[in-house]
Amino acid sequence: MYPVDLHMHTVASTHAYSTLSDYIAQAKQKGIKLFAITDHGPDMEDAPHHWHFINMRIWPRVVDGVGILRGIEANIKNVDGEIDCSGKMFDSLDLIIAGFHEPVFAPHDKATNTKAMIATIASGNVHIISHPGNPRYPIDFKAVSEAAVKHQVALEINNSSFLHSRKGSEDNCRAVAAAVRDAGGWVALGSDSHTAFTMGEFEECLKILDAVDFPPERILNVSPRRLLNFLESRGMAPIAEFADL
């Protein structure tokens, strides 16, 4: 098990069922040292209000030895790469994930999807692209991976894509991993937990990475320090409370 999980949802996204406290308890039990809460951006129908994200600044940084990153899974809104995270939201958040979700951006042809994803990557506003292997949104894996390397953005391998959602993702996720490997980029693993019980579960992701001989040194979840170095390279100020994670 890796000690970092970068994608999960709380009861603030009303189709999820666990609280921040639930995730902290599970993290302690499972040996997770650092995790990010990434509830859906406000353009989703059941997502939190934007004030929810702004007020995440009141969260403690560390509880019982577990570090907590303040994040969002924003929605890609259009081909210009706009997302539903802006203004004061950025000031309160550590981690910006963004991806396609049908209620906000309907599936298009491969060229349009690729244009939208690359524009999002190039915007400088996101750290990770969520579930880029979704078969509902065909993309040019090579072009997206090369753009991600250029702009220091990681592509996610999402464990839930093989279990509960986005059926048929396996071949695409293998292609994503291979393209990132060839481009020399980063992958981020996300459990995409909607209950705390599945946080830190990456078994299906690891099968994909093993299948393409993906280099472990390019996986962000290997250690808290690796992930924090990545975020700091993107401009995040060092967080003193995380120094001993």
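Placed from the backbone N, Cα and C atoms, the Cβ positions cover glycine too.
Record features (Swiss-Prot):
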BINDING   H7, H9, E73, D192  Zn(2+) 1 binding site
BINDING   H15, H40, H194  Zn(2+) 2 binding site
BINDING   E73, H101, H131  Zn(2+) 3 binding site
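Sequence-ordered, the extra residues of this chain that approach the Zn(2+) 1 site, with Cβ no more than 8 Å from the Cβ center of H7, H9, E73, D192, are M8, T38, D39, H40, I97, S130, N158, S160, G190, S191, S193, H194. Over all protein chains present, the Cβ of H15 (Zn(2+) 2 binding site) has 12 other Cβ atoms lying within 10 Å.
Comparing C-alpha positions, H101 (Zn(2+) 3 binding site) sits nearest to H40 among the binding-site residues H7, H15, H40, H194. A straight line from the CA of H7 (Zn(2+) 1 binding site) to the CA of H40 (Zn(2+) 2 binding site) spans 10 Å. Residues H40, N75, I97, A98, G99, F100, S130 surround the recorded Zn(2+) 3 site, their Cβ atoms falling within 8 Å of the Cβ centroid of E73, H101, H131, which are themselves excluded.
Taking the centroid of the Cβ atoms of H15, H40, H194 as the Zn(2+) 2 site, the other same-chain residues with Cβ within 8 Å of it are H9, S13, T14, A16, D39, D46.
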